[in-house]
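Features reported for this protein in TrEMBL:
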{"type": "DOMAIN", "residues": "33-124", "note": "domain 'Ig-like'"}
{"type": "DOMAIN", "residues": "128-221", "note": "domain 'Ig-like'"}
{"type": "DOMAIN", "residues": "237-324", "note": "domain 'Ig-like'"}
{"type": "DOMAIN", "residues": "329-415", "note": "domain 'Ig-like'"}
{"type": "DOMAIN", "residues": "421-508", "note": "domain 'Ig-like'"}
{"type": "DOMAIN", "residues": "512-605", "note": "domain 'Ig-like'"}
{"type": "DOMAIN", "residues": "612-706", "note": "domain 'Fibronectin type-III'"}
{"type": "DOMAIN", "residues": "712-804", "note": "domain 'Fibronectin type-III'"}
{"type": "DOMAIN", "residues": "908-1006", "note": "domain 'Fibronectin type-III'"}
{"type": "REGION", "residues": "689-719", "note": "region 'Disordered'"}
{"type": "REGION", "residues": "1058-1105", "note": "region 'Disordered'"}
{"type": "TRANSMEM", "residues": "1018-1039", "note": "transmembrane segment"}
Amino acid sequence: VCGDRDIILCIPVLCLSPSRCSFCDCRPVEQLPTITAQSPSSLIAFPFDESFPMTCEAKGNPEPEYRWTKNGQEFDPSLDPRLMKEENSGTFVIPNNGNLTEYQGTYRCYASNKLGTAISKEIEFIVPHVPKFPKETLDPVVVEEGQAFVLQCDPPKGIPPLQIYWMTINLQHIEQDERVSMGLNGDLYFSHAVEKDSRRDYCCFAAFPRIRTIVQKTAMSVVVKTSRSNAILERRPSLLTPSGVKSETRLVKGEDLKWECIAEGFPTPQVEWVKMGHQLPVKAKLENHGKLMIVPRVDREDGGKYMCKAKNALGEAVHYFTLMVEEPPEWVAEPESQLGMIGSDVVIKCSAGGTPRPTITWRVNGEPLQGQSVTSLKVFDDTIVLHNAKASDSAVYQCEASNKHGTLLSNANIMIMNLAPMILTKEGEDYSAVEGKGAMMHCSVFSSPPSTIIWSKDDSPESVEGPRFSVHDNGSLEIYGTAKDDAGQYTCLAKNTEGSSAVDAALYVKDPTRIVAAQEDQRILIGAAAQLSCLVEYDKSFSNDFELLWEKDDMAIGLNHTENSRYFVENGVLQILNVSHGDQGVYTCVARTPVDRDAASSRLTVLDVPDAPQYLVLSEHKSKSVKLKWIPGDDHNSSTTEFIIEYEESQWEPGNWKELLRVPGNHNQAVPKLHGHVDYRFRVSAVNAVGRGPPGEPTERYKPPPAAPDKNPDNIKIEGHLPHEMDINWEPLLPIEHNGPGLEYKVSYRRQDEEDWKEDVVKRHSFVVKNTPTFVPYEIKIQARNHQGWGPEPRIVTGYSGEDFPSAAPDDVAVEVVNGSVVKVSWTRVHKDKLHGHLGGYRVNWWRLRSLVNSKKSHGDKRSLAFPGDRDHGTVPGLTPFSEYSLIVMTFNGRGNGPGSHPLTFKTPNPVFRVTDAQRHTVSLLWAPPSEPNGILTGYLLEYQLINDTEEVGPLQPVNISNPNTTKWTLRDLEPVSKYKLYLRSCTMVGCGPTVSEECTTTLETSDVHGGVSTQGWFIGLMCAIALLTLIVLIACFVNRNKGGKYSAVKEKEDLHPDVESQGMNDDTFCEYSDNDEKPLKGSQHSLSREIKAGDSEDSLVDYGDEDVQFNEDGSFIGEYAGRKERKRASAEIKATIQTPA
């Protein structure tokens, strides 16, 4: 039968064995009965169950009829009104009301139709009685002290398992040990009696869990008589159980073996177990103080001879056991249902193994074979042969194999008939296959004799052939390595001597489902979010049937789209939020269509800090060390790199854990060094690449004994704050380094040129030596001690006594001007005899005298800069350009500054104003903002005028620049080959400041000139004329000066080109600022004069000591506009070089 409905039946040939039936043709054909459901071989009527079904269900056509036997006699359930019968079923139900004992017995069900009869296994219905101990009066057990005795339980019979307990009347368990123990039969054995065994309430309780019942035996009394000598006589062992010298046990394979040896004697005997000639089975275990040996699930190898031996100092007693392992019946060849042709020979084989060997019994339609007259049937032990079988030989043949351990029953449906082919596979089935994989098209045929199956394609008369095509015995066509060309219409033709039949099927070849990009293995931190991707290609005809599933450790992941869900899938990507340890595992992406699937797996490894180490114990306690040992915790997939051992002490900082030691991650023990007289407690934590894990549980406290100090003070400092004193300070020992009470320090000191030490003992960590010479070297050592003794020999430290102020100033102080804001200062070092202490360095003090813009004196605040170390130069930044300064240099030590050098006066040059490019009609200018704007800068006033070498000058042209951030400008529409005077002033809301000026000459246009200008004839002639004119003018001036006269033209020239000496600096760079006294030329407007003030300050920066560093005007390390360097000696003025007029 295929399917679960009895009314849908297959052709009997294919459905003789239902598990092999694949395709059904639902036709009402005749079928032998087959038992489909039955009750277990034992059915126990537990008192708490409402009813007890005796199940018997069968299939067949015509519909089977049922009958029952009880204890081998006919039993009709329908005749008993108390039994409930089900329609169209052999099942009846025994209700749990009234006396069930009358239903106890062995039942068997028979299901029959006109073709034959099937029978069920025997079903034993057991009605358990309520177990009870008999009511009895028990005499006290009187025994001499030292003698053995036994309290018998004799539990009532009941449904196993049986559990026995010995307790007092107050339900307190009787204590069992090597002397007192309970046997497998429930008796309580005493190896020898002692006085405390006397009591009146020994109770045996028997428990039957399956029927939920516990019964109690009458309490027993024991009286132990003590001997007058109060001494128990020793005696050799003898066995209380088992009796005799040897015994034999037969067990069914798979049962548990339980043997016991309980001995009496004094002293209490010890029991040993051995297997003769072999080792005890590995799975054997000893219980009940070695008196009970259990071998679970015995098999053939466990069989053999065993011995138990009970012995004490006086002798021994032995018992020999023999174990024989037997087996219930087991099928070797179970009879199979068959379809045979009329006139053929049918062989039915039935073979079973077991120990003892099973007995084979044959039945036909439930009746013993011996009572039937079948001429064509012959029985050969475990085989039946139907010779020249006829249709009337069709029946249900039963084979029963049994021994004392059980029974096997098998029904074989034998059908004898001839039939033309009947194809059971549906017409027009559609099959889908995957390219490159196999395809299977079915053609299930029912016929007798068997049919020949031929497959053809696309109406071709030829059968499909080749190594890729195979027709199986059941008619199915299998195609290996399917190709696109294999798609098409196929026909299955079945024929035998009785006729033929055909059926069509269609094959479609699909593209394979393939995961083209699978997720690689991931390692992710706990609490982070993980993403697992899966990119799939599949046949687009399955767009509506394609599924992408995710599994974890071969279990489907339930995607819960609630707020608390941590799993989300979007576009084939599995997202796991807040990853935990439980998320670790192998994740599989499963791409599935109706015809194939593909899968790819990746491992997600969750990383976390290590778990806390466990079971930290202390051992090997010594005066200055202890051994710590622990079991590492889980490292959570990141190897432990180290363990951190911490300690906490209870005296100075209780509750404050401090690190004591670190050990490599492959160690699980350490021996840290300890200090004496400290009440320690330890704990350990582990570290891996993720981080440090939590600490484990702390140990108990351990306090080493007091000891002398292990070390002396560190960081000894010798200072002299006063000329005739020496201060000695040191870092005191930590409290745990005291190693005991009474800590103090011995201070020893002496001059370096002396031999004798002077000593003082103090408890503080400082000491002052009085009346010392100034700055003299001393040797000092400090040693710790406590009540237990002195620390190790201290090391000697050298220091100096108190310092005094230096008594000399540096000589040969000189200044080199770098630019308008930076100068270099040099000096000659002070001799060490004049320092009177450790040289701290040199200090430069300077102050601004006046601004050179308006010559107004400005006594600025004094500023200072220290240059530590032994050096002879330094760089002073942050000066105000175009100013006059004074400076002094002094040395300093730990006591303070020495006398200053003679003041040195110097001047700083002007800021930058220059021409960057000059063309035929344009001039490009660049300048720096004023260093002292004296307010908010609003812009600049740029003026220019033509000043060719003539007596006349051009008008002054103003350019107002309103953007204060502008620092460059281009003048346009200028005359070619002309000389211009340029003026620049910075402006605020009040007005514009002093003027700075520059001169430039525009160039000649060269765009229309072919070749170099110097090669053109007109240019050479022009230059010659200019040179001649200049020579004439110079001669005239010279003549006039010799006469003592002065031309106005020359005077105007002096206005245009004033003497550089009056500017305070020379102009040897291209387009530098002019002096502040310069006035505009004729026709120009007068400029405003404004005093520039500088803010003075004092600092002690030491970052300007490098000689080659250059600074720009604002003191930054650029040096872009550095001017000419000037140098003067001490007390000398810095003067500009005078230009000689041409």
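A Cβ is built for glycine as well, from the same backbone N, Cα and C atoms used for every other residue.
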Honestly, do the domain 'Ig-like' (237-324) and the domain 'Ig-like' (128-221) touch, with at least three Cβ pairs under 8 Å and pairs 6 or more apart in sequence?
yes
Does the chain bring the domain 'Ig-like' (512-605) near the domain 'Fibronectin type-III' (612-706), so that three or more CB pairs sit under 8 Å (pairs 6 or more apart in sequence)?
yes
On average, what pLDDT score does this prediction assign to the domain 'Fibronectin type-III' (908-1006)?
86
Helix, strand, coil residue numbers for the domain 'Ig-like' (237-324) per DSSP?
3 helix, 54 strand, 31 coil
Per-state residue totals over the domain 'Fibronectin type-III' (908-1006) - DSSP helix, strand, coil:
0 helix, 45 strand, 54 coil
